[in-house]
Amino acid sequence: MERDQHQEICNDGGLLCESKEVSVNNHNSDAVEESEDTITSGNQEVSPANGPTLPILQKIIDCSDKIKILKDEHALVSNQVQEIKNCSLVEPEISRALQLLTTKLGALEKQYLEESSERKRLYNEVIELKGNIRVFCRCRPLNQAEIANGCASVAEFDTTQENELQILSSDSSKKHFKFDHVFKPDDGQETVFAQTKPIVTSVLDGYNVCIFAYGQTGTGKTFTMEGTPENRGVNYRTLEELFRCSESKSHLMKFELSVSMLEVYNEKIRDLLVDNSNQPPKKLEVKQSAEGTQEVPGLVEAQVYNTDGVWDLLKKGYAVRSVGSTAANEQSSRSHCLLRVTVKGENLINGQRTRSHLWLVDLAGSERVGKVEVEGERLKESQFINKSLSALGDVISALASKTSHIPYRNSKLTHMLQNSLGGDCKTLMFVQISPSSADLGETLCSLNFASRVRGIESGPARKQADVSELLKSKQMAEKLKHEEKETKKLQDNVQSLQLRLTAREHICRGLQDKVRDLEFQLAEERKTRIKQESRALATASSTTTTTSRHLRETLPTIIEKKPPLAPTRMRMPLRRITNFMPQQQPSQGHSKRFSDTTFKENNNSNRRSSSMDVNTLMKPRRSSIAFRPAPAPSAIASSNKTIMPRRRVSIATLRPEPSSLSSMETPSRPPPSFRGDPRKARYSKLFSPDRNLVTPNAMKSSRFMKSPLGGGGSSWKPSHPTVIALQKKAVVWSPLKFKNRRPSLVAIRSSASSSSASDLLRREQ
């Protein structure tokens, strides 16, 4: 009871256990002493009620031993607690250490990736140095039938040389053959796959790989490639290794595996994974893809996730493969079986994708028709098998001799293996031979063929990018090229527009300069015109008095006779009515009426005021004169005064042409048509309008100007109708027509001159 309490106290806490330790020890020591005294005193002291005391002492001793054990355990627990307390004090150091380890782990992972990529590169380089097409030779052991027939082995192997083989020929000579590796008859499937595994794993790195077995019938090709459920061959072991490698690289790469299986039977392609149905099999053909690889459209491609699924597919395909019995082999393959494994990989770090193929080919054996004793359907199969193998031999010979043309299309088999034999593919060939002396000829043929294959140099293999990614890249490249072309076109258009804009700006600046020059010229011409008009006004005012005197002298003569028109032949055709004076012809009969000084003054003043050629501006004009009929003779006789009719000349003037802006004065010389008739010249001189009045005041909307107004500022209407003779003519306007429109600076006839003319007419009446 006391022990249990002590144990409970010890379980509750170390302090209570330590406090009770002394009392327990004292109690134990007392008990031990009492027991010793009792024992030493002898066994005679026995209590009849309690019985013997020896078992109690033994129990006490046992309890003391247990207490010691508990004490040791307590000390151990105390030490652990103390260590935990010490660890809690160094927690920051632990966190720092963890961070350091994490950093080192990241660096190691990065270094691992670099080393892994370097290992892949070096490994692939070693494979390429050995040759893209590697040849392994495998010799099967003698079977029971051959041993029973007394056939000897003609193959000799050197244990020190793993890649050499000697064949004893019929003349007792030895022929040496050298390959990448030679497997002896006692080598198992594991040994064979151990040498095959390095090239198989290249498919995970993005390389195309092809493994095929060649040899005569009955040499173990199907056993090497397919194997048995107990001793599986290369096909199953290869897929198993691919799954194992893909799982080990799952943190770096993501892989997807799919399997297709077909056979070439009598030069016809047959899908071995298609579901059996009553429908006839679909015809399959070899086609070349856009990337240059050979594909079989319509072929079933089953995705696999583990080795069990792979084995189920392989058993399904092997079950429907064409197999027949011959004299050489009871289970002879009558077709070429091809297993294609498609591996799609994606790098989880940089996103790079690959798509590669692994071809596992079990070729049908070459046969001698006479030896295998076949006929009928088997004979036809043998002929097709030998034909396809002969085409394969032609391809190998062409590749070895490096001819320009390789006859891949001579057979469906060689057409499908085109990339594997002469392309960027890593190829491995198993040449299967028989050691029997009865098959010596076929063995030598197979070994010679394998030697030619080993001598082929097809160049280094390269990685296969994913077709979908390649197509996307091509589309993006084409789109980029198209965009570059469009950008170049737009840039050319922009440059041409900039050139055109520069040319337009240059033209605009030139036109602006021309406009400024024209404005300057116009301003100068206006100044010149103002000066000329000022001089013309001064000249007109000086000649007003002379004109009044001439009117008084010539009016009586005009009343008596109407001025005749010029003869028809001499008359000029009617033209536009102008405000220019006709030139005066010299007259012999009436030269005294008009003073020479008057004509000279007028001519001199007109010549000074005009700056343009007079001959080009003089044109015939027509005037209309209105006058009152003459009175009766009695009225004339009774009147002492001479009654003069009221007359007025109405003239329609046309706006001057833009080219005639430099000078608007009327020439003083009369036209040539009036030179022969002095009276016409007199009337033209008499009734010609004043130069100051016929000059237009401003550029108005009307094409013609009215007759000049009378003096006094009041409008005057004629009492007789006015006749206007016009001739329509197109007028060319100046582009500066409405530029800075200003009224004419020519003043209307002054009131002084107007009043003098009206007073003169009133006195004459």
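A Cβ is built for glycine as well, from the same backbone N, Cα and C atoms used for every other residue.
According to Swiss-Prot:
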- G215, Q216, T217, G218, T219, G220, K221, T222: ATP binding site (BINDING)
- 469-534: coiled coil (COILED)
- 602-611: compositional bias 'Low complexity' (COMPBIAS)
- 132-456: domain 'Kinesin motor' (DOMAIN)
- 581-613: region 'Disordered' (REGION)
- 654-678: region 'Disordered' (REGION)
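Overlay of Swiss-Prot feature records on the structure.
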| residue | record | CB count, 10 Å |
| --- | --- | --- |
| G215 | ATP binding site | 29 |
| Q216 | ATP binding site | 24 |
| T217 | ATP binding site | 25 |
| G218 | ATP binding site | 24 |
| T219 | ATP binding site | 29 |
| G220 | ATP binding site | 20 |
| K221 | ATP binding site | 27 |
| T222 | ATP binding site | 25 |
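Secondary structure from DSSP puts T217 (ATP binding site) in coil.
Averaged across the coiled coil (469-534), pLDDT for the predicted model comes to 89. Secondary structure at T222 (ATP binding site), as computed by DSSP, is helix.
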